[in-house]
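Working notes, structure below.
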Amino acid sequence: MPAESTPPQAPYGAPPRADAPRKPVTLHRLRAMREAGEKVTMLTAYDAASASLLDAAGVDCLLVGDSLGMVMQGHASTLPVTLEQMVYHTQCVARGNRSAWLIADLPFGSYQGGVEQAVASSVALMQAGAQMIKLEGGGWTAPLVAALVERGIPVCAHLGLTPQSVHALGGYRIQGRDTQSADTLRRHAAELGAAGAAMLVLELVPSDLAADISADYPGITIGIGAGARTHGQVLVLHDMLDITRGPKPRFVRNFMQGAPSVLDAVRSYVEAVKEGSFPDEAVHGYTA
Ligand code: KIV
């Protein structure tokens, strides 16, 4: 082929576009997956290149998580992350993504002030390209969820280990191990479901509790360190690619092991979640 007919190559590793993009993943499609018993896959993405790669690998949902404060910025917690930074990263991910469902975290301090603040912060993330916002906590968050949903903003709630409350929780520890805290989690999940949270992340809770909550939840539950019986799974991209330093939590599998490329590693994550081989409750799950 003559050199002049070769398409120009974009400089600086601009994200490649998938050749044959799949149909965009919608909330309707995600609900149908739940009904059909098909597991939903989610990974974190913080930039255009990884968003494009995850989309091409067939990941259903991309989460612009405030974990970027720890993973990208090197902080010891997610607390220093600002709304401005989340808007910036959401814009980057939206540019690289074509068809995955895009969720962005409301960072600490951007919704604790009440409905008005939560709506304004969510509008900023939606205008940056998010299709759903995620917020942490139960009880006090149910009226916020209802207000956002009423205003046409899809919401993903987050219960169990909620990293923005790390100091109140006394560290990154498993939640809902005793009867009282398990009952509180069940009640909070029921309230969030009734308020209209279409999705619920359950982080670091015993597998049986996550399974019970998932069976009753009207929307889609996504587990991380919550066993295999949620409707889907999420991991922090850098953890499953083994890029992060130090010991990994037990619920993480290194998908780079034996994979010839990052794309292959992400594809095998999607395959493992879809076929039910990840997570393995005996290896990655927790008991009460
Ligand atoms: O911020 C994040 O990445 C998250 C996931 C770990 C669920 O909330």
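Cβ atoms are placed via backbone N, Cα and C, with glycine included.
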Residues flagged as region 'Disordered' in TrEMBL, choosing from 1-23, 231-253: 1-23
Cβ neighbours of Ser67 (3-methyl-2-oxobutanoate binding site) where a neighbour is any other Cβ within 10 Å: 21
Rounded Cα-Cα span from Glu136 (Mg(2+) binding site) to Glu203 (active site, proton acceptor), Å: 11
Alpha-carbon distance [Asp105 (Mg(2+) binding site); Lys134 (3-methyl-2-oxobutanoate binding site)] in Å: 5
Other same-chain residues whose Cβ falls within 8 Å of the Cβ centroid of Asp66, Asp105, Glu136, the recorded Mg(2+) site, in sequence order: Gly65, Ser67, Thr78, Val81, Leu106, Pro107, Phe108, Lys134, Leu135, His158, Pro163, Gln164
